[in-house]
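Trainee: Input: one structure, supplied below.
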Amino acid sequence: MKAIASTHLVCLALFVNAAFAQISPVDSLKKVLSQPMADTARVFTLDQLSLRLMYSKPVVAMQYSQEGLDLAEKINFPRGKVRNMNRLGSILRFTSNYAEALEMHFNALKIAEKIDYQEGVARTLNNIGILYSEQKESKKAIEYYFKTKVIAEKINDQNLLQISLVNLGTDYALLNQTDSARFYTEAAYEMAVRRKSSNVPVLLMNLGNIYNRMGNYPLSLQYYRSALPYLKAADNNRLLSQTYFEMAEVFKARKRLDSCQYYAQKSLSLSREVNNTKYIYEAGTLLASLYESSDKAKAYDYFKLAAVAKDSIFSEEKTKQIQNLGLNEQLRQQELSATRKEFENQRRMYLLFGVMGVILIVMVILYRNNIQKNRANELLHKQKEAIQTQKKQLQTSLETLKNTQAQLIQREKLASLGELTTGIAHEIQNPLNFVNNFADISVGMVQELMEIKEEVKARTNSVAAVQTGVELPPEIKAQNEEDEVLEMELLGSLEKTLQKVTNHGQRASDIVKSMLEHSRTGTGEPDITNINKIVDEYLRLAFHGMKAKYKNFNSAYEFVADENLPDITVVPQDIGRVMMNLCNNAFYSVNFKANQTSKQNDGMMAVLATYQPNVTVITKKGKDMIEIHVKDNGTGIADNVRGKIFQPFFTTKPTGEGAGLGLSLSYDIVVKGHGGTIDVETVEGEGATFIVKLPIKSFAEEEKKKAKK
């Protein structure tokens, strides 16, 4: 035994010198982290930095691990996620957050198993074993450590193998199986010294504890003293305070009370520095007992200090017990779930075997009958297919018949409406023409009469002055002038009245023309048409028509054409009529808004500064349709009338400005005549966009094919 200890100490001396000669690992890792590197390397570096800080600065360590986990998730790096999740679980366990730690480890295990990451699986199993150990279930913990050891040996991971040996030694010691504890701890220690591992001080402490339990105090002290330089170099005051207390206990057992007092005070001092409550209580209690006979006052002070720590430990233990209850239940549920899953898998396997056996027996029994029934089944199958085919044909025919019937009914309705509209329009058109013609003639006659009267008046005054050389009396002259003014006023009123008759007659004539145009929908022949050409032509026509109708009209307009637009089969005249209606409405809307804004801002210059009328027409190819967008920044359409705009004779324009048939006609042409759609997107006060969609496949051809079928 002493030979083994001597070998350990010689190896240790060599390693201590090397350790002190190196730069602090934390500083080195921070320096590496500050340099450019691949994201995967940064994930592993953050994990290593967290490992170095988890015992001395757990909060900072948790921040580094969380940063590593976030980066691993961002770059989709599963191995990095497993490493940092395991580190976070260990830190959560170290800070007594057992439930969160367990959840983190199980999530890491799930990912590692999914990607067959054996190292990650082994590390996670080891961490779950530590959780069992801290719940005082060392036997269960040892099972997980052995699983870790098997995987470590399989993948030849010496570091992981060493960790499993360390943990096996620790939990065998907790079970007072000192032989097994010493065997695994010494094996781990020799490996750690050989590989210059950071686990050396922990192993030295474990060996000291084992020999302390065995009563070999000199060798126990040697291991404790050997651990001190490592713990001081690593600034691990928590483990250092524990080591000092264990040394004090050894000196107390050997009746060396001065040394016992010295190391107990050092343990108490460091424990208070790092708030290690357990060893504040242990060291305080030990010092109180040492000073009880020699210095009552000091003994009382240490007793009070220990009592305060004991109260704190009691509170912490209560909290820990509550957490442990939840953790134990969670562990039990996990095990129960795994057991149920295994049982269910076995049950399914047995059931599968049973079903396969039954099927095999049935197949053997039915084999002979199957040959005889094949012909009957084949015949039945053919009959069934024939019935299904007939059924589908009948269903298709029925649907086609219903569609054709609906189309015929609709066409008859439209034809009747068209005939009625045409008849009414023609009947009204004739008297309207007479009214308009006579009104125009009457206006001309009145204007001519007024001109003649002016000429007669001038000639009469001139002749009277020349013949008589005497001016008329003022009374007669005033009476004549008054009569002439009255005549002119009557003629002016007559002219205005006749002008109103002309205007209203023209309005009625426009309505009749719109009705006739509406009744002529679909009379043209379909032809292969370039939509861009039609849109461009009618956009320009609509613009120049508005310029001619309204002298102050001014608007920007733009045509954005899709040059890859295919030619499609439509009725060009009808589509042109649709574009004319939509463009006219768009230009009317922006002109109306410009006039409103002009009145509100008192002048056209203010309008130019605040509102610029604009109409944009866009063509583009969709999946199976060609789209035409007519967009304006005019007045828009109110929500309460939006659903009525495609109805015949509905208009939002002032009286005399429109018959309300333009959009209705456009709807019939696009939807009923070409199988397309027409929709509107609008915001009141901001503008509207009319969207026309025409099928690339000829709607007329499709209708003919259906009719033939």
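Cβ from N, Cα, C; glycine included.
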Trainee: Coiled coil per TrEMBL: which of the ranges 373-411, 490-528 is that?
Mentor: 373-411
Trainee: Take the repeat 'TPR' (201-234) and average the pLDDT across it for me.
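Mentor: Here the predicted model's pLDDT, averaged over the repeat 'TPR' (201-234), is 86.
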Trainee: Can you break down the repeat 'TPR' (201-234) into helix, strand and coil residue counts using DSSP?
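Mentor: Looking at the repeat 'TPR' (201-234) with DSSP, the answer is 31 helix, 0 strand, 3 coil.
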